[in-house]
Amino acid sequence: DVITKLSRCHLCALGTASPKTCSTSQPCLLSILCHPGLLVPLQQAAEAEGALQRRVVVVGSSVLLAGPADAVHIHSACWEYLNGSISRAVVQYDERSHYVAIHPPYVGRALFHPPNGSLLLEDLQESDSGIYKVTINLAERESLKVLLDVLKPVSRPQLWSSGLVAKATGEVLCKVVEGRVDTITWKKDGQALPRGRGFHVSGSLSILHLRAVKKSDCGSYSCNASNGISWQETSLNVTVAGLSPPLKNVLRIVVVAVVFAAVSGWGLVFPVCQSEKLRIRGELWRWLSAYTCGLVCVSSILAGTAGLLWMREEGPSIAIILPEIVLLYVIVVTFLVAANVTFQPTKLIQLKSTTEQRTMGYTAPGGVLLVVLTSSFHIKNIHHRHEDGCTAFVDVTALAVSTAAVSALPLLAIFLCYHTTQGWQNERDSSCAEKERSSRSFEMSLPNIKDPVPTC
């Protein structure tokens, strides 16, 4: 039975049993010595008495696990691997038979030294991490436990940030792809993080939370990842945008609206500045009126859209709502005028009411002025919001120039057509006047002729 075998092995370990008894007890000695179920009391006593050492090594290297320092003469030894509920024998040794048994998965990777009970492990892998326990001389209960950590060096952290916008919530993330991470620390501009700036670590990922982002959060952030054998650090220059993407779209929209309003204003003012004799009339006037009113309608739509986007981001405001109502009126009137001038121009000629005529005449110029004022208000507020960040202001120069060029082309075509037609008409009038003068001179030289020569 187990007790008899244990007693027999105990006598062999003490050297008081006969050689014959011990020769038949060696196999049981090795199995009982490393069998956790049979030596639970002895194992618990050894764990209570033995000191736990810690060794940290890199993957692929070798490590020498020393035996108990107070072991004078080693009769038997057993190295075990303990990791939670897992327990397996690594090496078994008996002095009488000079028997050394190395168990998988350590075959070819383990070397036992009987004189001092040390164990050399080679080509270590992460799966070899755990507690290694050696029990020397069962009767004397000499044991030692070593906590072995086999680690890969940590890789260089990957550092990136979400789009940080002033007054919003943002994150800066640090991730280590390879190697077990024991510690992750953050710094800003080489110093400890400011108060109110905390981070969360989950495995190899650390997230730095930035709530109510402000301009002072701009700077260089560094993430340091380390374990028992290595450390790596990465830095990232973090910027805070004063404008969110919707507000950047508002800026672009109001720039286009202002350009359209300016071009349409030029189309409204230029004919008025002409003399009565040279003023544009006829079909050219109809197309000029339709285009300028249409352009005012489009610019009013853009200005109204910009106001809606602004209120969606910043909340409703009476300073935005009232102009939105007036812009809606301008959109309706200018659309009707442009449509009637294009398709039914006679309806506008038949208008007899002074109020209707004034409404048609003043809506377009008033719309231009309103678009310019509302757009200027938005641009001012956007510039103020931009100051909360540390990024460069949105460059809208190319957008403004291209919009002005495209929207001014139809006006230039109309004016060019007008001046070409006007020059041809002046040349024709001059030619007819010259012929008429020549005819009169000829008539004066022939007094007997009574019937004048037909002229132009």
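Cβ coordinates come from backbone N, Cα and C, glycine included.
Some features that TrEMBL has for this protein:
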- 153-239: domain 'Ig-like' (DOMAIN)
- 250-272: transmembrane segment (TRANSMEM)
- 284-311: transmembrane segment (TRANSMEM)
- 317-339: transmembrane segment (TRANSMEM)
- 360-379: transmembrane segment (TRANSMEM)
- 399-418: transmembrane segment (TRANSMEM)
- 428-440: compositional bias 'Basic and acidic residues' (COMPBIAS)
- 428-456: region 'Disordered' (REGION)
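With respect to Cβ pairs under 8 Å, the transmembrane segment (250-272) is most closely packed against 284-311, considering the stretches 284-311, 317-339, 360-379, 399-418.
Residues 252, 255-256, 259-260, 262-263, 266-267, 270, 280, 284, 287-288, 291-292, 295 of the same chain lie 6+ residues outside the transmembrane segment (399-418) yet bring a C-beta within less than 8 angstroms of a C-beta in it.
Residue counts for the domain 'Ig-like' (153-239) by DSSP state, with H, G and I taken as helix and E and B as strand, are 3 helix, 44 strand, 40 coil. Per-residue confidence over the domain 'Ig-like' (153-239) averages out at a pLDDT of 91.
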